[in-house]
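First the structure, in the form of structure tokens, and then the observations on it.
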Amino acid sequence: MLLFKNKKGDWIMNLLIMGLPGAGKGTQAAKIVEEFHVAHISTGDMFRAAMANQTEMGVLAKSYIDKGELVPDEVTNGIVKERLSQDDIKETGFLLDGYPRTIEQAHALDKTLAELGIKLEGVINIEVDPSCLLERLSGRIIHRETGETFHKVFNPPVDYKEEDYYQREDDKPETVKRRLDVNIAQGEPIIAHYRAKGLVHDIEGNQDINDVFKDIEKVLINLK
């Protein structure tokens, strides 16, 4: 696959990063951006920038958010297109994080990239067994008096007394499992879509953070 360099000598590559909640996607995205100098495009940042700059799609998105309504796909897709149309993308490439979330959004992204003449070079898929993620995500506990956060397994308090700690509703096992199930159901067809295009690179996420990045780095260096 032929990639190009920008004026600074950095490789220009266009990537997606995917993974279930708790898989370490955010941590690895930050490392990729630091090492390869691509533009990090996260859904939250895109929405905030579009609304702050009062772009056409940003104004539309704000109108839904202000009413407490979900932003429709066509608006989200429009915000992505606005961001990918900006000049810095041509200079650096991008790492898209948090989009697409549904197979419909994946098809919309295909169309957007084709219209903009942008080629997607790879999809980094960080894989961690859902049972491990359930343990990671549902183990967080908070001290009632101090508000200090601990983890039952990975960072337990020294003198643990159950009555002194509580769990947020979002951290309870049944809530976490529902969230993981929804993400798995939405994510599987997206991964299959990109796997059929030969773009998916599976990365073992249940290892040390630095070892995960070494595996990602090998993939990206081979793209060159």
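Including glycine, each Cβ sits where the backbone N, Cα and C put it.
Note on TrEMBL: of 42-71, 192-221, the range annotated with the feature region 'NMP' is 42-71.
Site extent for AMP: the farthest pair of Cα atoms among THR43, ARG48, GLU69, LEU70, VAL71, GLY98, TYR99, PRO100, ARG101, GLN105, ARG168, ARG179 sits 31 Å apart. Residues in the region 'NMP' (42-71) partition by DSSP class (helix H, G, I; strand E, B; coil) as 21 helix, 1 strand, 8 coil. For the ATP site, whose binding residues are given in the record as GLY22, ALA23, GLY24, LYS25, GLY26, THR27, ARG140, THR149, PHE150, GLN207, the maximum C-alpha distance rounds to 23 Å.
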